[in-house]
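According to TrEMBL:
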- A:473-486: compositional bias 'Polar residues' (COMPBIAS)
- A:507-524: compositional bias 'Polar residues' (COMPBIAS)
- A:78-126: domain 'NADH-Ubiquinone oxidoreductase (complex I) chain 5 N-terminal' (DOMAIN)
- A:143-411: domain 'NADH:quinone oxidoreductase/Mrp antiporter transmembrane' (DOMAIN)
- A:462-536: region 'Disordered' (REGION)
- A:6-22: transmembrane segment (TRANSMEM)
- A:42-62: transmembrane segment (TRANSMEM)
- A:94-114: transmembrane segment (TRANSMEM)
- A:126-144: transmembrane segment (TRANSMEM)
- A:150-168: transmembrane segment (TRANSMEM)
- A:256-277: transmembrane segment (TRANSMEM)
- A:289-307: transmembrane segment (TRANSMEM)
- A:314-334: transmembrane segment (TRANSMEM)
- A:346-368: transmembrane segment (TRANSMEM)
- A:380-403: transmembrane segment (TRANSMEM)
- A:423-448: transmembrane segment (TRANSMEM)
- A:673-694: transmembrane segment (TRANSMEM)
Amino acid sequence: MIAVTAAVILLPFLAAVAGLLGSRFPRGARGGAADLAANRRAALIAIVPAVLSMLLALWTAYVSLTGTGVSTGTLDVIPTGSLPISVGLLVDPLAASVAVLVTVVALAVQVYSVGYLAGDRRYPSYSAFISLFTSAMLLVVHAADLLVLYVGWEVMGLCSYLLIGHWWEDRANSRAAVKAFLVTRIGDVGFLFGIFVLGMAAGSFRIADVISQVPQMSSGTVVTATLLLLAGVAGKSAQVPLHTWLPDAMAGPTPISALIHAATMVAAGIFLVARLHPVFAGAGPTLDVLAVAAALGMLGAALAALAQDDLKRVLAYSTISQLAYMAGALAAGADGAAILHLITHGAFKALLFLCAGIVIHTVGSNLMSAMGGLRGRLPITFVTMTVGFAALMGLPPVSGFFSKDEVLVSMERALAAGPLTDAAALLLYGCALATVAVTGAYATRAWLRTFFGERRAVPLPESATPHTGLAKSATTPGFPESTTPHTDAPEPASPRAGLSELATPHTGPSVTAHTDSPEPTTPHTDLFGSAPSRTGGLREAPATMLWPVIVLAVPTLLLGFTGVGFAGAADVHWGTAALSVLLALLGAAVVYVVWRGAPLADPARVLGPFRVPLERAFYVDSLYRALFVLPVLHLARLVARTDDRVIDGAVRGSGRATLSLSGLVRLTQNGNAQLYVTAVLAGVLLLAVGAVVLG
Amino acid sequence: MHVVYPAVVSALLFSIGVYGVLARRNTILVLMSVELMLNAVNLNLVVFDVWLRDRLHSGQVLTLFVIVIAAAEVGLGLAIILALYRNRATVDLDRLRALAEFPVPSPEDADDHLPENATEETAGQASRASAATGPTRPPGRDDTPEATP
Amino acid sequence: MTDVPSYLSPTGQEIVFLLLGVVAVGAALLVVTTRQLVHAALWLVVCLGALAGCYLVLTAEFVAWVQVLIYVGAVVVLLLFGIMLTRAPIGRAADLDSRNRPVAAVVATATAIVLVTVVIDGFRTAYAPLEPGGGSAREIGSSVFRTWVLPFEVLSVLLLAALVGAIVLSRTDIRGRR
């Protein structure tokens, strides 16, 4: 069992090593055909171990869920002088089911990426990083020791950084990567110290030992440790107040957003809290903090999602919101509900992102103002994405309905009894219900804006001349827009959007879309091996991108019925369920009514003056910039200036002082031999006198 | 005879020689002062030879040797002084500043005892250089190779 | 050496020696202070001659004659030649002393004080009875050519080398190897 688990973890790791070292081996040729050959080989290296790993993970989960329960194995114990580190693995239903999620989504993303990044020069390293990430995530999931878990945790952060910055040629992308890295690092410092506090208090880093030792610890220790851990959780799972990196992380390729920044890595924080849930259950204040952060995060992020124009940012804020749901469930003491939602969310959010990737790939822009009317052009994507949005809204019978129901029920129960204080529980439940409505609203808005209405993809005024801004946004699907929030609130957020507004009234659905003209699609072809058709308008994506979407849609639809061993269709709480569905439909209905009024305009316009704050996500980024970034920059400049003036000045000054002092000494070095002899004789005399007197 | 008397005379002679070496600027006078110091030593040698009744008369023999060496030293020294005089046109010790790291002109060097042709040539160069680079630059020293570019 | 005669009743030899010593020291002082270069050389003759007298009193007669011959005869003449060849000013010259003079005076005085103090302190009780004939030419000759013959020969080589060196330095038509 443990050996199989080790294989599950090691297979992607070996794939990563092989992909990094072997894709161009032995010739190391670059360019053109060599790139394509390397990409083919890298795809093979990445996908085959992913398939094997997924099959093994499925088997492990089957065995674990049907009987054997928990099994642990220690590969090695590293003596450190104080507390030994036991390199061990752990298989239990929790780990096994999350591992299945990870491997399935990873495989889907790997397959999807073959089409999405066909022709990309750096595809081999990209796929290797995904393999490395998969391995690290599996290590986190299966780790039996907190420090081993931490290793995987950090490697995930590294992979996230590398993959967000995949297109680092664009400065905004590398900045987004650095931002994600730094913000999660802040949390990870707390996380590491939390591990130390727990390990020292328990006398062991083994998770089982730590959990068993919790009753013996003082409450202060537990609260301190869990609060520190919570910092890491907030950083990794993008919870308030460390959530700001996630929307910017959408600068990475869309499959990466699907895998790392929606389905798996961001769920690692939630998973960790679930893994150490007995510890957290013993720390009431920490749960209160978690509940308040989750409540603020879920409602705030959902509202922010309501106003975004960038499809990926909508999904990113929705991820923050849904993760906050899980955190809220954990705070309410229902780790089963949280994990169920984690798994269903992993499935449907990965599905949504992959579908969004297809849409973006086809349209050539991230902005919803450039989409619309894609229902007929992308029928498969439309169906699968509809399933995903339904799961996001929590509509029956899709999986999200069941998991969200569980979460809401657990929060409702926390009102009556549970570790939370009444105020925190009330806030949490109220926010959760409000968020259901807002979720319905923003999901409906995104759905309508993307697939319904009239096509807003329009020809350029002179379609023969390449438009630099357009070519750029077609080459790198919309990153410049995605990382810079639009400051001017109404529709014309980008040049293309402005054009669409001008052109729409007299073009209508019959015009040839801009992607038909050869010029903008040429860069398209460079990036994606199979360009959208040049004659037939917008067309479905290649099969490697469609199949993962279809495969992911199945669990999104059906996962709720299986229950994944935690909860399921059998125990749906109809009262809460009805309330939440009602709320979601209410939100959806409002948006629909607004949209009906003017199908071409953005339903978010009814937000009026609140739209800009929502689009900027309540100015949290600006606040952080004013509070932390600018002072740090000023401090850095001060340090640099101090270094330049004071420290270097001291060095230079000491040099100059020595020179001038030596000038004084040099006065005696005037070449007069008589003076020298005088000095020598005087010295001899002094020595003689000294010898006589002292001797 | 008390040994103190010749010993004190010798000490006084030696000190006078030291003063001469340190205070005189003419090299020949310095050479004379060196002779004084050597003679002070000779006196000591003789006295101690007499006092210790050395069978080998090492003191007196050494005195003879010292006299011989002094003669040789004077011969060589004068040869060096002559060579110096030929090259630098001076035998004043405090003008021979080639040992200095950055030779600076001393104020008393305004009236140099220079060879006639050299005086005009280098002085002309120095004035031209100072006119070119401004009044703050000190005139180049003439007896040092660096200062006359 | 066991019983030292009193300092208050000097013998005749001591009186003569002291007189000669005063002459020598005074002449030496004039050598280093006179303002005329040639006078300095002549005062040096007086000083060296007085010293030769001292040697005679001290029974070192051979050394005394050598002193007169070599020093007074040869060295001083050489020095006079040097003065002449360097075109030194004849007559009073104001700049025979360098600016180092005060320091030199201090150092020389200190040297004198230290040396005299040490010498008096060390040889207060030393007494050397004088016996004639101890420094005769026979004695010194036998000593030189028996005991000190090897240093004597080495010295002659040194003298030769100095001679050659002086010639090489003095002649302007001998150039160093380029």
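In case you wondered, yes, glycine gets a Cβ from its N, Cα and C as well.
Note that TrEMBL annotation is computational and uncurated.
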Cβ contacts under 8 Å made by the transmembrane segment (A:256-277) with residues that lie 6+ beyond its boundaries: 94, 98, 101-102, 105-106, 109, 112, 130, 133, 137, 140-141, 149, 153, 156, 159-160, 163-164, 166, 207, 210-211, 226, 229-230, 232-239, 246, 249-250, 290, 312, 315-316, 319, 323, 326-327, 330, 335, 338-339, 342, 345-347, 349-350, 352-354, 357
Taking A:6-22, A:289-307, A:346-368 as candidates, which has the most Cβ pairs under 8 Å with the transmembrane segment (A:126-144)? A:6-22
Per DSSP, the domain 'NADH-Ubiquinone oxidoreductase (complex I) chain 5 N-terminal' (A:78-126) contains 28 helix, 8 strand, 13 coil
Sequence-distant contacts of the transmembrane segment (A:289-307), meaning Cβ under 8 Å and at least 6 residues beyond its ends, amount to 227, 230, 234, 239-241, 243, 273, 280, 313-318, 320-325, 327-328, 330-332, 420, 424-425, 427-428, 430-432, 434-435, 438-439, 441-442, 445, 604, 607, 610-612, 614-615, 617-618
Look at every Cβ pair spanning the transmembrane segment (A:94-114) and the transmembrane segment (A:150-168), keep those 6 or more apart in sequence, and say whether at least 3 of them are under 8 Å. no
Any contact between the transmembrane segment (A:423-448) and the transmembrane segment (A:314-334)? By contact I mean 3+ C-beta pairs closer than 8 Å, pairs at least 6 apart along the chain. yes
In this predicted model, what is the average pLDDT of the domain 'NADH-Ubiquinone oxidoreductase (complex I) chain 5 N-terminal' (A:78-126)? 87
